[in-house]
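For reference, the structure discussed in these notes is given below.
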Amino acid sequence: MKNLIGITLILIITILGIGFSTYYTTVFYGVPVWKEAQPTLFCASDADITSRDKHNIWATHNCVPLDPNPYEVTLANVSIRFNMEENYMVQEMKEDILSLFQQSFKPCVKLTPFCIKMTCTMTNTTNKTLNSATTTLTPTVNLSSIPNYEVYNCSFNQTTEFRDKKKQIYSLFYREDIVKEDGNNNSYYLHNCNTSVITQECDKSTFEPIPIRYCAPAGFALLKCRDQNFTGKGQCSNVSVVHCTHGIYPMIATALHLNGSLEEEETKAYFVNTSVNTPLLVKFNVSINLTCERTGNNTRGQVQIGPGMTFYNIENVVGDTRKAYCSVNATTWYRNLDWAMAAINTTMRARNETVQQTFQWQRDGDPEVTSFWFNCQGEFFYCNLTNWTNTWTANRTNNTHGTLVAPCRLRQIVNHWGIVSKGVYLPPRRGTVKCHSNITGLIMTAEKDNNNSYTPQFSAVVEDYWKVELARYKVVEIQPLSVAPRPGKRPEIKANHTRSRRDVGIGLLFLGFLSAAGSTMGAASIALTAQARGLLSGIVQQQQNLLQAIEAQQHLLQLSVWGIKQLQARMLAVEKYIRDQQLLSLWGCANKLVCHSSVPWNLTWAEDSTKCNHSDAKYYDCIWNNLTWQEWDRLVENSTGTIYSLLEKAQTQQEKNKQELLELDKWSSLWDWFDITQWLWYIKIAIIIVAGLVGLRILMFIVNVVKQVRQGYTPLFSQIPTQAEQDPEQPGGIAGGGGGRDNIRWTPSPAGFFSIVWEDLRNLLIWIYQTFQNFIWILWISLQALKQGIISLAHSLVIVHRTIIVGVRQIIEWSSNTYASLRVLLIQAIDRLANFTGWWTDLIIEGVVYIARGIRNIPRRIRQGLELALN
């Protein structure tokens, strides 16, 4: 019974050992994993290289051509969090559009403020009726309701070419450009005297924006949220991967979202609650046609204010050159405002917020803030849209038809929208200035009142235009390198082993392998080859596209800020790929997609997740069947440094083992043992052995002499003869009488000293022979005992095997009996099997004991042989 229990325990331990085998760290290359990043983006545009428009010139100098075959890959079973307030692309686009704006409206002169006292009187201007040629408006637009700006004729003294003389100059200024001196009715100054430096435009500019796209460099990608209910922040479950954004117009405007993209389904309100200036951005699903126009002619004069510096002003006025208007269809405008308020209510109610059912304008501040400000053909329009919004009410019953007209003014002194500065631009151009745009949304902020209620208020934050356009995008860095536990271990290095190299070819699209991001780790790892090929293919393809685009327009490219960005994007991709390959090489995984290692996996390296827990018996199976690579990467993110270090140490040890193995590889062939280059080595070994034996003999002789000296003997060599001297006083005769003294007898000496040396060498060789003979005899006895043990073990195994077969056959035959008989026979068979197993187990134990005793007696036999040889 005890034997049966022991066998059962052994079987259980064996089964458990098989079930809980060791897992090792395995490196995977080509897994669908990404992390948020902020790389240098580059732009693409469909610019006309033949156009001399400054915006087209800027685009051809700084942007690559559009990809003729843009692609988009949908990620299944993936949910990602988006937040438009944390999108760094908005700030980057603001800086780029600021550069574009300054290049298009390039000021070439910095002027000291024209701050001299002027005596001004109001003058009359000739009014003119404006006719509209658009089909969306009525044939004639009556602008009598739009007040004319007052024009003042101002006189001041100016220094002539002779510094000690002055002359009086007359110039015309708009009332909005001058400010009255306190306490004096006729004394005025220019309005910009509180600015230290102003810039003035040299030539009249035009600005016809074309859409540009922002693209991620190779090794990076753009995630795009396609959820229809996304409103600026939250989880997005419908995600796709793109290389570039959609075309975004570099519009510079406040309050209204012009020429942007439209929502696919219904109007949406984007809102992310922040501490200050909370943006409330509305995007329509149907655009509104907007027409803005200014007609009239004028001539311009100039005032010389210093060497090479000229201040342009109005000399002769024909009509009001700053008077303009914008018009929309009333029905379309009010309908879209209804949709906008409904979208705002939906978004705010989802956040448990209340909204005032009205649209407001800021009452105080710069004119760019209190009015609708935009640029049309190089002219800056300031439009008052209060009558468009104040006439709208929620839940109104009457439908308004016709055309809504808003009064606008053109200004010459403009506040910069991106930085704190001002610019003085040339007076309005001659002829008609007319623009057609599409209103695609509203740019507002949510102002909170004392009742914790929000009021939509039109905003002058220009970058909010790009914020809503880029709200659905996120830049990520693709990280195809990951580690995970697998039961496989890196095999040991063998001699003459050549590592097979697998070429990673170019095949699929770059971002296509991210389509497996929603699959489990086990399912995604099956397609690692295709995914890694897609990764490398995409890097190479994107670099090739970039080079082709640069070569196509290299005669126009200049190494500007954007030119440097293009080079940075290219170098970033190459450096990223080289970095991954260097890590793989350090771990001994170069050119491998799945690389096993000898580093045991530690459970503490991965954090617990809601899907898989460390205490689960099937933890590793849970990882591969339930987690995605993206989820797994987040669990091991904090331990990657430790894992990478251990992988590098393991590879270093592997290289050392390989070096030692290569040193032994020269003995792998039997013929190499007879190589003539090894003979000197053999002779050296023989000399060492002989010297060791001689030294051992000398040492034993010294020990023997010391032993005899301690017993009182004279230390003489055993082979040197000595004469036995006789006492001279002792008679040498025989008994019975005295006789004469006998002569002293000498023992004959050996033939010579070499005989003594020969005798020692003979004894030494005999001792060596006897020692080796004893050793070989002991080894032979041990091998015989081991052979007998193996034979006995094999015989026992055969008997056990036959007995088991017989028992199985008996069990099969007995299975046809009744239940009671089967129970009795089964118990008997188990008892018999237990008794028999105990018998051969004892035999094995006895054999092992016999072998162990033989091995243990080997030193004793050697010692006995040495004693026999030395004595």
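Using the three backbone atoms N, Cα and C, a Cβ is placed for every residue, glycine included.
Looking at 33-36, 209-212, 713-716, 829-832, the stretch flagged in Swiss-Prot as motif 'YXXL motif' turns out to be 713-716. The cysteine that Swiss-Prot pairs with CYS120 in a disulfide, picked from CYS63, CYS108, CYS154, is CYS154.
Disulfide connectivity taken from Swiss-Prot links CYS215 to one of CYS193, CYS236, CYS244, namely CYS244. Given the ranges 253-278, 357-382, 383-408, 409-434, the record in Swiss-Prot names 383-408 as region 'V4'. The range from 45-68, 165-188, 597-620, 645-668 that Swiss-Prot describes as coiled coil is residues 645-668. Within the set 74-90, 567-583, 788-804, the record from Swiss-Prot flags 567-583 under the feature region 'Immunosuppression'.
In the shown protein chains, 17 other C-beta atoms lie within 10 A of the C-beta of ASN238 (N-linked glycosylation site). In the predicted model, residues of the motif 'YXXL motif' (713-716) average a pLDDT of 50. If you take the Cα of ASN229 (N-linked glycosylation site) and the Cα of ASN238 (N-linked glycosylation site), they are about 11 angstrom apart, rounded to a whole number. In the three-state DSSP assignment, the secondary structure recorded for ASN638 (N-linked glycosylation site) is helix.
The CA atom of ASN451 (N-linked glycosylation site) is located 46 Å away from the CA atom of ASN638 (N-linked glycosylation site). The Cα of ASN185 (N-linked glycosylation site) lies closest to that of ASN438, out of the glycosylation sites ASN77, ASN438, ASN638.
Residues near ASN438 (N-linked glycosylation site) in space but far in sequence (CB under 8 A, at least 6 apart, same chain), listed by position: LEU258, ASN259, SER287, ILE288, ASN289, LEU290. If you take the C-beta of ASN638 (N-linked glycosylation site) and look for same-chain residues 6 or more apart in sequence within under 8 angstroms, you find GLU607.
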